[in-house]
Amino acid sequence: MGIKIGLVSLGCPKNLVDSEIMLGILKKAGYEITAREKEADVLIVNTCSFINDAKEESIRTIIELARNKINGRCRAILVAGCLAQRYPAELMAEMPEIDGLVGTGQVPEIARAVRRVLEGGKVLLTGSPGYLHDAYFPKVLATPPYTAYLKIAEGCDNRCSYCVIPAVRGPFRSRRMEDIMSEAEELANKGVKELIIVAQDTTRYGIDLYGKPMLDALLEGLTGIKGPVWLRLLYTYPSLITDDLIYLMAKSRKICRYLDIPFQHASNRVLQLMNRRGSKEEAARLVAKLRADIPGIVLRTTFIVGFPGETEEDFQELLDFMAEAKFDRAGVFTYSREEGTAAAEMPGQVPEEVKLLRRERAMMLQQEISLQKNLKRVGEVIEVLVEGKSLKGRGMYTGRSEGDAPGIDGKVFFKSGFNLQPGDFARVLIKGGTEYDLTGETVL
């Protein structure tokens, strides 16, 4: 019987791509991949450390998986990803459950790490995070077969005062356009219907290689690939959304009328403290332009509340902006004080209970906005990517519209007399809506 490897991927889709590459490398090296923890000889946790909640989830997962050393056949626990990159000494000193660490820059060395821990050694592979994968890296997709993430760059050159990403992921570095196209064509040949383009900052794509933003040129090339029906953009930085990109999105039916734009706040004073480029006024103009030039576009954003120095007036300014902009989707997070960041040392740290109350108030406002927007869609016929049968009843299915990214947005629950399969597209008449989801039935 061969050596079996299990992997748990935590955090964002960018981390999931690293997990897919690690699985591909291990499979190519002759290891068997298993989803059953108790069957694995080696268990890998690809961790996140972006905010405190993510760190706690990573540590909990490591402890839970380590129980398989007693109750299963597990011989070693490997920790990979951002937590390993950020806290190597602390993890090895304080968590004896861990047999090895693989940092964000050492993904290609995962097979060597597995080999070493199986021999009984301890492994510490953390160094400068300069790794950048290409189309030749083997991958095992961890997504449903009709959807895939396409990571076009690594690292980040933005220096937001609250963020550890540049420290754990390194400087921004783009993949070559022809290399991305090659991977996209391979995914299309495998039957992928939805390509989701990700990076720490997708709109910065190409600046380091070509001297200017090239996301629009990349997208134009991707629209020419036969196969994928939807191209979806995540993690766009507002100040780099160009007129050329907007024009391309408006004219191409392959690019989802959907943009994920983390504005983070609306008080210019707080934005300055966050070291974010742009202002509330520029954000408002961008939102208006996107809606005017791309009718029906769905806009998702994220905001941070309780940032150091945020006053009640600053927070009210954010609420007013949310009420005026009426984003289709919004995530609201409480500020997480991360050591090593400029914001962690700022005066005016906001008490935790105030942060939580502000988050609740912002989310209540957004839920009402989302509900009203969804109810206004009743009577529309939309295209839905079928994800499978729903447990809500006989003949019920679940899927997503072009306005719904997997894992972060809502669903469409619908009834159909057709025998639909995951990855099919269906035309659905919307008959109802909640804060997050739509309901309906298929039409011819």
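Cβ from N, Cα, C; glycine included.
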| field | Of the candidates C82, C156, the one that Swiss-Prot places in the [4Fe-4S] cluster 1 site of C12, C48 | value | C82
| request: Rounded to the nearest Å, what's the C-alpha distance separating C160 ([4Fe-4S] cluster 2 binding site) and C82 ([4Fe-4S] cluster 1 binding site)? Just drop the number here, would you? | output: 17
| request: Please work out which residue of C12, C48, C82, C163 has the most C-beta neighbours within 10 angstroms of its C-beta, and give that one of the binding-site residues. | output: C82
| task | Under 8 Å Cβ to Cβ from C156 ([4Fe-4S] cluster 2 binding site), same chain, six or more residues apart: give me those in sequence order, or none if nothing qualifies. | result | C163, I165, P166, R169, P171, F172, Q200, D201
